[in-house]
Amino acid sequence: MQKLQLCVYIYLFMLIVAGPVDLNENSEQKENVEKEGLCNACTWRQNTKSSRIEAIKIQILSKLRLETAPNISKDAIRQLLPKAPPLRELIDQYDVQRDDSSDGSLEDDDYHATTETIITMPTESDFLMQVDGKPKCCFFKFSSKIQYNKVVKAQLWIYLRPVETPTTVFVQILRLIKPMKDGTRYTGIRSLKLDMNPGTGIWQSIDVKTVLQNWLKQPESNLGIEIKALDENGHDLAVTFPGPGEDGLNPFLEVKVTDTPKRSRRDFGLDCDEHSTESRCCRYPLTVDFEAFGWDWIIAPKRYKANYCSGECEFVFLQKYPHTHLVHQANPRGSAGPCCTPTKMSPINMLYFNGKEQIIYGKIPAMVVDRCGCS
């Protein structure tokens with residue numbers, strides 16, 4: 001009996017002495033595991049963020065049908081960018097892409113960008129150079145995007161130089177045609193009379209939708225136009241070939257097109273920030289800065305909120321995917337399981353130069369992650 005009591009005392013003594021040591025070790029081990037888990041999660045998110053940025057660059061070029069980023073310098077952009085009302089309004093009203101995903105709707109966009117507005121600058125034409133033995137303005141080449149979309153508006157914008165006294169200006173837009181037997185090379189498109197006051201020059205728009213539609217139906221008839229804006233003394237006030245101090249005052253065409261709207265569906269998901277300890281699949285903030293890429297060819301936005309998905313898709317949380325859970329139970333080693341991916345994405349509007357130095361305002365689908373989920 002005394003031997004049994006002695007064994008019990010020894011056992012209790014060992015529990016008292018050794019117990020706290022074991023608890024401290026377990027606590028330290030648990031803390032180390034938690035720190036290691038958080039560190040791994042941060043590293044994983046950083047890698048995911050970097051991959052997302054590279055993927056965005058590739059997607060933008062692909063969706064805009066560009067093999068490489070247009071090589072346009074800042075100086076060239078200052079010269080090409082029209083100082084005209086429609087473009088200034090787009091830029092002035094532009095803001096960083098808003099993170100507005102509260103409606104929970106998902107657009108089933110086509111892969112390629114949906115163009116809304118195309119601003120086309122004039123280019124040189126051999127035919128124009130031959131008329132009267134001197135250069136004429138203007139010849140416009142049209143993007144294939146205009147060919148395959150419905151044109152709802154087409155405006156020719158011209159800039160008139162300032163006058164010193166109140167002046168009546170006669171504006172005439174002529175369409176070039178193949179020389180006729182009587183030598184005629186022009187046919188009238190529009191004529192209008194303007195009263196100009198002294199001061200700064202003005203921008204004037206002229207509706208050319210019908211002419212554009214005819215050009216699209218018969219591309220061979222597009223030989224260019226000539227612009228005249230004569231004052232009472234016969235001086236031409238239209239800026240067709242900008243001189244010193246007239247950068248950004250070239251004539252240009254503003255063409256608006258529309259596409260069929262897409263249907264929508266609903267979805268939900270978790271939102272986290274960079275300091276979150278959430279391990280499950282979650283949406284994290286990510287701002288893409290185009291200036292950091294050196295992409296000066298993107299006029300607006302200069303940056304936008306793209307967001308990205310990161311986190312685990314543990315099978316214990318997968319009541320939403322019973323078929324995947326059953327597959328995992330049947331073959332746990334052979335099933336990779338669902339991944340944390342975007343389940344809701346929305347487009348961004350973008351104003352940019354394409355490879356032909358045309359200014360395009362369009363909608364690029366699926367560029368903002370609004371919701372993340374396991375799929």
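All residue numbers here begin at 1 and follow the chain in the order shown.
For all residues, glycine too, the Cβ spot is worked out from N, Cα and C.
What you are looking at is a predicted structure, and each value in this text was computed from that prediction instead of being measured.
Quick look at what Swiss-Prot annotates:
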DISULFID  Cys272-Cys282  disulfide bond
DISULFID  Cys281-Cys340  disulfide bond
DISULFID  Cys309-Cys372  disulfide bond
DISULFID  Cys313-Cys374  disulfide bond
CARBOHYD  Asn71  N-linked glycosylation site
SIGNAL    1-23  signal peptide
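Location within the structure of each feature annotated in Swiss-Prot.
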{"residue": "Asn71", "record": "N-linked glycosylation site", "CB count, 10 Å": "9"}
{"residue": "Cys272", "record": "disulfide bond", "CB count, 10 Å": "18"}
{"residue": "Cys281", "record": "disulfide bond", "CB count, 10 Å": "24"}
{"residue": "Cys282", "record": "disulfide bond", "CB count, 10 Å": "21"}
{"residue": "Cys309", "record": "disulfide bond", "CB count, 10 Å": "22"}
{"residue": "Cys313", "record": "disulfide bond", "CB count, 10 Å": "18"}
{"residue": "Cys340", "record": "disulfide bond", "CB count, 10 Å": "22"}
{"residue": "Cys372", "record": "disulfide bond", "CB count, 10 Å": "26"}
{"residue": "Cys374", "record": "disulfide bond", "CB count, 10 Å": "23"}
Quick one: pull the CA-CA distance for Cys313 (disulfide bond) versus Cys281 (disulfide bond), whole Å only.
6
Cα within 10 Å of Cys374 (disulfide bond) is the criterion; apply it to the recorded positions Asn71, Cys272, Cys281 and give the hits in sequence order.
Cys281
Measuring Cα to Cα, how many angstrom lie between Cys309 (disulfide bond) and Cys340 (disulfide bond)?
6
How far is it from Cys372 (disulfide bond) to Cys282 (disulfide bond), counting Cα to Cα, in Å?
6
Give me the Cα-Cα distance between Asn71 (N-linked glycosylation site) and Cys340 (disulfide bond), rounded to a whole Å.
36
